[in-house]
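Noted in Swiss-Prot for the protein shown:
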type	residues	note
BINDING	Leu8, Ser9, Gly10, Gly11, Met12, Asp13, Ser14, Thr15, Thr16, Leu17, Ala18	ATP binding site
BINDING	Cys188, Cys196, Cys199, Cys202	Zn(2+) binding site
Amino acid sequence: MKKAVCLLSGGMDSTTLAYVAKDTGYDIVALHFTYGQRTEAKERECARAVAKNLDALDFVEISLEHFTKIGASSLTDTSIPVEEYAGEEEGVPSTYVPFRNANLLAIATSLAEARRAEAVFIGVQTGDYPGYPDCRPEFIEAFQRAVDLGTAAEPRIVLMTPFVRMSKVDIVRKGLALGVPYELTWSCYQNDDRACGVCSSCHYRREAFRELGLEDPIEYER
């Protein structure tokens, strides 16, 4: 059976992504990163639960403490407030972690090469492009070229981004069809008991369920 490394944060997109990879015929090596984010413990708990539910081959957790030293993100620096959702805005949000996906993809590629996996799955999606430069299709394409140049020829490692042209609603719809246990996932940027309900991540998650006429299975504070 084919093998894939799946970046699994424990959030809604990455969990759906792992189920898509499994449904496509891959055995899953779940890769989870901790980097001093506010909801680190909750994300780890959710990612572990999802990996177990998926019967993943392995759950690999890697710490990237350097992101807390780099700073400049409200996810890793508590002195920077997490913005409440206030409609679509231009520019890079405070929750952007500088060049994070390059770090994550580099390590995921290393793991894929070590495990002889044919693919690395990452859940970048349409809504991420405007504010997160390292989620753009052009960035993924450029990173694929780097992977091709910097890894062994066989097996070729392909970066898989099945959500790159999909909205959050499309992702939830796909996940529901695959039986994704969204009650095991976490999206909130700042709380780890009850989701805040006001950060942009909570907003987009809850709106996706609402557009489908469904109630989000996790509890919200507001």
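Cβ atoms here come from the backbone N, Cα and C positions, even for glycine.
For the binding-site residues given as Leu8, Met12, Cys188, Cys196, Cys202, the lowest number of other CB atoms within 10 Å of the residue's CB is seen at Cys196. DSSP assigns Cys188 (Zn(2+) binding site) to coil, not to a helix or a strand. Under the three-state DSSP scheme, Met12 (ATP binding site) falls in the helix class.
Fewest other C-beta atoms within 10 angstroms, among the binding-site residues Ser14, Thr16, are seen around Ser14. Ranking the binding-site residues Ala18, Cys199 by how many Cβ atoms sit within 10 Å of each one's Cβ puts Ala18 at the top.
For the pair formed by Leu8 (ATP binding site) and Cys202 (Zn(2+) binding site), distance between Cα atoms is given as 18 Å, rounded to the nearest Å. Sequence-distant contacts of Gly10 (ATP binding site), defined by Cβ-Cβ distance under 8 angstroms and a gap of at least six in the same chain, are His32, Lys42, Glu43, Arg44, Glu45, Cys46, Ala47, Arg48, Ala49, Val50, Leu184, Thr185, Trp186. Surrounding the centroid of the Cβ atoms of Leu8, Ser9, Gly10, Gly11, Met12, Asp13, Ser14, Thr15, Thr16, Leu17, Ala18, where the record places ATP, the chain contributes additional residues within 8 Å, namely Ala47, Val50, Gly123, Thr185.
Spacing of Met12 (ATP binding site) relative to Cys188 (Zn(2+) binding site) is 10 Å (Cα to Cα, whole number).
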